[in-house]
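Peer 1: OK, TrEMBL features for this one:
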| type | residues | note |
| --- | --- | --- |
| SIGNAL | 1-27 | signal peptide |
| DOMAIN | 134-192 | domain 'DUF3772' |
| TRANSMEM | 208-225 | transmembrane segment |
| TRANSMEM | 246-267 | transmembrane segment |
| TRANSMEM | 287-305 | transmembrane segment |
| TRANSMEM | 326-344 | transmembrane segment |
| TRANSMEM | 350-371 | transmembrane segment |
| TRANSMEM | 404-429 | transmembrane segment |
| TRANSMEM | 435-455 | transmembrane segment |
| TRANSMEM | 467-490 | transmembrane segment |
| TRANSMEM | 510-531 | transmembrane segment |
| TRANSMEM | 552-578 | transmembrane segment |
| TRANSMEM | 584-613 | transmembrane segment |
| DOMAIN | 600-667 | domain 'Mechanosensitive ion channel MscS' |
| REGION | 775-804 | region 'Disordered' |
Amino acid sequence: MTLSRLPAARLLVALLLSVLSCTMALAQSGTVNGGDAEAHQRWLTTAERAEQMIDSEDISNASLETMRSNLVRYRETFVSTRDRNSSRIKTLQSQLEALGPEPEEGSEEPQDIAEMRAQLNTQLDRLRVPRVVAEEAYTRADGLIAEIDRILRDRQTARLLTRGPSPLLPEHWAAAFSDLRRYVTAVSNELHGSWHSSMVRQEFQNRLPFIVFLVLVGAVLLARGRVWAKRFGNYMRSYGGRNTGVWSFVVSVARILLPLLGVIIIVRALLYGGLFGFRGQMLLEQIPIWGGIFLLFRWLSDKIFTQHNDNMLLPVNPEQHSQTRFLVDLLAGTLILAGMVQLLSRAENISAASFAVLIFPVVVLASLILLRLHRLSAYVPSARDENDDGARELGNLSRLMRRAVFVLALVAPVLAMAGYVQAAIALIFPVMLTLTLIGTMVVVHGFLVDVYAWLSRRGEAVRDGLASILFAIALILASMPILALIWGARLSDLTELWTKFITGFQIGDVHISPTSFLVFVLIFVVGYVLTQLTKSGLRSALLPRTRLDSGAQNAVVAGTGYIGVFLAALAAITMAGLDLSSLAIVAGALSVGVGFGLQTIVSNFVSGIILLIERPISKGDWIEVGGLMGYVRDISVRSTRIESFDRFDVIVPNSDLISGTVTNYTRGNTIGRAIVTVEVAYGSDTRKVEAILNDIANNHPMVLANPAPYALFKGIGSNAYEFEIRAILRDVNWILNVKSDMYHEIVERFAEAGIETPRPQRDLWLRNAGEFDMAHAGPPEVQAEGPRTADTPEQGEGQGADRP
């Protein structure tokens, strides 16, 4: 009895091999950074420590963030380890499938196949061990990260909703000013103590030449940077792009970057001197940030609030532009003051009451500035052109933004007075930063449009085109992470979202990720392009040299396109690694419902395929269907487009062409019959008429000689003799021209031969004519005068014959 016939024994052997190979697999597969059991043990220790920190309520946010970073690194390692042996596992699974299903209990399997199956199962179990371990570790790390994120979010929410001391209480004012004075004194004492230290002073003197050099460089950049930026712009305009706004934007950016660089160099020079202590270094490190904030706000105010600028975030009266720019500079000042208060809080660890007292004036000042901006923006209507849908939507958005700014500017000081200082800060300053972000997007969007207009040489027409919309969408998507950070999201939250996005998601047994999606799109696009190139080659080079008619050629080209798109989609799905077999049941269930809902579309699709294969009609055919007559211009899988003789398109569902009656006048050839009807007056020589009509038909160049045309005496009508000319034309598309030529010739020949065409004759019967005469006879005196004649003049008139 073989091992394959003992399921219990085979399972026991597999478990023993798994246990024995677990340590070896951990050592060989590099499950954790060290690649051995010790590394795995370090991971277990880290995970246990993380669980202890999560259970502890006294752990700081900084410690949690540090632990979270470690867990993220472990999780990334587990992801790479989890997929390391996937190719080999698939190969072994394919080999097992090739051996066929395992024999049922009670049946035997050949010894060689049984041994091979056992070896493959052993290898598969050994390769699965690192994968299973990595999957378990990944799940544990991911869960710990989610718990830390939840704790940090709960703490952030609690901080915003916790009521602290009110800044309006006078007992807190003295402590706040005492903390501020203590910080200033501490910075001064640090500087004084460093200067009186002989070692520090000696080191400063040794570095003094380089410090002076750096300070001079920074001062030159501060003083001359704006001038150099302007000269650079004038120089670059000589290479093109004049009057496009491109170089104006570059110059404006350079005019803030060069002075900012000067500030950074001066600060680095002061830090290099070594005279400042801990508090002084913290202060100096913030100066470039504060300088950048001020320069950024000044740049935005210069770019947005200018005369005749349509890209204003909050539209204001042109006469108030200078005041608006001043208010924007004050907003930058409030952000700098808030940063100073935050620096003081970190450096001196001041109390919540002192922090509330110091930050409250900044919150009130920022609110007052925003309210003043709101008032200025009310001078100009939000929608400048009520007939323009885009301007109307922009006006609605501007009104909504103004209302939000107004409400938040009123609520923030009230919250601060009530003791909710953190909530007030979380409202007022994000509003300012959001307006700054949107303003920056508006300016950058204008720059991108200017660059595209310059490169494409299309001028102002680009601003209303598709490129402008695409630039706007790209900027909006790029600003979303920044906007989330402004309103309280942590950087780790964004990285976690990005990790989830890159990792993808699972639908059944199908794993979908951005990488697989990009592979799918790339392969499909390549296949689609190759399909179009193949269709173009068939249409222009190969098929015209065959004996196929134009309809057959169009059918071959269309069929090639459909097959190419199908193969491209199949190749893309295969290369992307999408296993859709698990979705077959779901797709089958959906197909039933979709079949009922889309049966008309499916019917038209199948009819289109039949039309392309059987080709009862082809592109360019003259057909008549449902009382409509015209030329077939296009046959798609759903419908057929027919161009009528009135030059309008008629879309006919393909199912109507298959199930209905269709008359094709040009199928296979263009030969067709023309019938010309003629009527002559009674008394005409019918033999002579017939001879004339035969002569006219035989002499027309579009009429075939075989079969010969002929004229028929069709019958005697109520008003005339009826004749017909029946002729076969070389091209039935010219039937109207042929009839017109024949009628012209008939009129001329009948006139020469004295043959008249009939005129309708009518007999009019009047009943009760006597009563009609009495009713219109007139008064007796008129009857006595008798009827007037043309020679009897009326009074005041000329001769009766001359009357109109």
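Using the three backbone atoms N, Cα and C, a Cβ is placed for every residue, glycine included.
Unlike curated entries, TrEMBL annotations are predicted automatically.
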Peer 1: With Cβ-Cβ distances below 8 Å as the criterion, list the same-chain residues six or more beyond the ends of the transmembrane segment (404-429) that contact it, or say none.
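Peer 2: Answer is 159-168, 314, 335, 338, 352, 355-356, 359-360, 363-364, 366-368, 370-371, 373-374, 435, 488.
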Peer 1: Decide whether the stretches the transmembrane segment (350-371) and the transmembrane segment (326-344) have at least 3 CB pairs under 8 angstroms, with pairs required to be 6 or more apart in sequence.
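Peer 2: These two segments touch.
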Peer 1: Which stretch, 208-225, 326-344, 467-490, tops the Cβ pairs under 8 Å count with the transmembrane segment (246-267)?
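Peer 2: Comparing 208-225, 326-344, 467-490 against the transmembrane segment (246-267), the winner is 208-225.
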Peer 1: Take the transmembrane segment (467-490) and find every residue of the same chain, 6 or more past its ends, with a Cβ under 8 Å from one of its Cβ atoms.
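Peer 2: 152, 156, 426, 430, 433-434, 437-438, 441, 444-445, 448-449, 452, 456.
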